[in-house]
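According to TrEMBL, the protein carries these features:
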type     : residues : note
ACT_SITE : Glu454   : active site, proton donor/acceptor
COMPBIAS : 45-58    : compositional bias 'Polar residues'
COMPBIAS : 59-70    : compositional bias 'Basic and acidic residues'
COMPBIAS : 80-93    : compositional bias 'Low complexity'
COMPBIAS : 96-116   : compositional bias 'Basic and acidic residues'
COMPBIAS : 179-190  : compositional bias 'Basic and acidic residues'
COMPBIAS : 205-215  : compositional bias 'Basic and acidic residues'
COMPBIAS : 223-239  : compositional bias 'Basic and acidic residues'
DOMAIN   : 278-553  : domain 'MYST-type HAT'
REGION   : 1-123    : region 'Disordered'
REGION   : 179-239  : region 'Disordered'
Amino acid sequence: MPRRRQRHMVGSGSDGTEDSDSSAEREQTNSSESDGNMPKRQRLTRASTRLSQSSQDTPDLKRAADHDESPPLTPTGNAPSSESELDISSPSPNASHDESQAKDQANRDSDKDLSHRPKRRRCHETYNFNMKCPTPGCNSLGHLTGKHERHFAVSGCPLYHNLSADECKVKAISREKQEEEVKGQEENNSRHATRHQTPTSKQSRYKEQVAEMRKGRNSGLQKEQKEKHMEHRQTHSNTREPLLENITSEYDLELFRKAQARASEDMEKLRIQGQITEGSNMIKTILFGRYELDTWYHSPYPEEYARLGRLYVCEFCLKYMKSQTILRRHMAKCVWKHPPGDEVYRKGGISVFEVDGKKNKIYCQNLCLLAKLFLDHKTLYYDVEPFLFYVMTEADNTGCHLVGYFSKEKNSFLNYNVSCILTMPQYMRQGFGKMLIDFSYLLSKVEERVGSPERPLSDLGLISYRSYWKEVLLRYMYNFQGKEISIKEISQETAVNPVDIVSTLQSLQMLKYWKGKHLVLKRQDLIDEWRAKEIKRGNSNKTIDPSSLKWTPPKGT
């Protein structure tokens with residue numbers, strides 16, 4: 001009859017001493033092994049005690065396991081393989097008593113070392129497999145550094161750089177070997193370094209090799225090479241990196257590839273740490289004039305600018321740049337001091353310029369990209385030709401500074417007088433939003449049309465429009481001297497859409513349904529409250545003067 005298989009555990013207490021229960025069991029094990037007929041024995045380390053605790057029958061083992069902490073389980077359900085995996089030793093049945101004692105002593109020593117060793121932590125790179133690389137035809141496999149299995153940005157895409165995943169791995173191995181050789185040479189040189197040391201023979205030979213490799217730099221591409229480069233550019237346009245072979249020497253090209261790989265590795269580290277995330281708003285702040293603005297939403301700037309996290313924008317021509325040095329040089333030669341187009345309104349320091357999206361396409365596109373940083377529902381970025389942009393500015397001795405703008409379709413079938421409206425964050429809560437809205441309705445009055453903003457409105461836009469509609473209705477009722485109020489007459493005089501008038505009256509509880517008719521109630525308490533605010537506000541400059549408008553409706557497109 002086969003003997004029952006026994007399990008033994010070697011453990012250590014929190015103070016580094018061995019538990020009495022486990023030492024007693026080891027003595028029993030040593031005495032049982034002296035017979036020479038002991039079957040294969042299985043030893044559990046203290047880190048895996050909790051995993052095997054359910055299968056242990058003796059109370060002594062259970063008490064010993066209470067002193068230990070089990071490591072976190074891996075996704076497979078097993079303990080980490082570093083310290084918690086089973087250490088299976090299989091001595092032969094004929095092993096001597098001295099050999100078994102020596103092995104047990106070695107196991108106890110190793111367990112003591114493990115008890116004082118800090119716990120290891122494994123860092124697993126987490127990838128969102130729902131994301132894809134933006135390069136057309138790429139499956140997100142491989143990485144430019146050759147160290148990662150997947151990528152999600154153009155900076156790490158092998159296909160974008162005209163390489164394969166295997167080629168990136170081969171290049172990574174060769175770069176590591178070269179770096180090890182260079183480190184070894186630097187260590188040897190640093191031992192014998194002097195203040196005025198002449199180059200060593202190895203350094204001289206390496207310098208000669210570099211000079212020889214750089215002699216192969218091509219002065220120009222041959223006809224076949226030019227055709228190949230042009231064909232690649234026509235086929236892939238901006239979705240692939242241009243072919244770089246035969247443009248410069250192999251040495252310089254390899255230096256450029258190393259710099260690309262290093263930059264891609266830095267980007268990957270930032271992505272893993274969560275400092276940057278593809279597909280989200282990477283531009284955190286912009287430097288705009290004398291203001292530094294925190295952005296609210298993502299704007300589709302080119303990736304080479306968006307991934308910087310900070311953008312520098314000229315406040316007059318709205319050109320975006322990568323660094324403050326470039327912005328300083330640009331401002332020194334930028335001749336713009338106001339938006340392009342025609343100045344259609346001026347009163348005091350406030351001016352409004354009418355900019356045609358067809359005539360000033362670049363400026364209007366930059367304006368839309370800038371506005372998207374602060375608007376959630378904006379979808380117009382590049383197709384600006386069918387729109388007119390009315391840009392409000394505030395002038396001082398340095399130029400006309402951007403306050404806000406609204407865009408308007410040249411031919412709107414639904415009579416929208418505003419497609420998109422924005423007040424810059426540094427000018428919010430100062431009355432400029434209502435001025436822009438009032439100006440849009442002033443244009444509708446000149447056109448003899450009834451206008452309404454395009455939906456959906458942003459949260460701040462909806463608040464501003466409701467406040468404006470409320471103020472327009474209360475002012476109309478304050479000046480109204482008749483007995484019967486008609487919604488149609490209010491709409492014709494204020495250019496506000498009847499639907500917007502009805503919704504505002506309902507919110508003010510001034511619209512009632514009685515005997516099959518809708519009646520407009522004149523609430524004197526609301527009118528008096530509005531009038532008191534108007535008197536307290538006084539003659540503010542934040543109002544639109546219709547007499548200052550110099551504008552005629554455009555004739556067609």
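Just so you know, the numbers here start at 1 and follow the chain as drawn.
Even glycines carry a Cβ here, placed using N, Cα and C.
Counting same-chain residues at least six beyond the ends of the compositional bias 'Basic and acidic residues' (223-239), those with a Cβ under 8 angstroms from any Cβ of the stretch are 135-136, 160, 246. Residues 199, 249-252 of the same chain lie 6 or more positions beyond the ends of the compositional bias 'Basic and acidic residues' (205-215) yet place their CB under 8 Å from a CB of it. Using a 10 Å radius centred on the Cβ of Glu454 (active site, proton donor/acceptor) and all shown protein chains, the other Cβ atoms total 17. The compositional bias 'Basic and acidic residues' (205-215): residue composition by secondary structure is 10 helix, 0 strand, 1 coil, according to DSSP. Mean model confidence of the domain 'MYST-type HAT' (278-553) amounts to 89 (pLDDT, 0 to 100 scale). Across the compositional bias 'Basic and acidic residues' (223-239), DSSP helix (H, G, I), strand (E, B) and coil residues number 14 helix, 0 strand, 3 coil.
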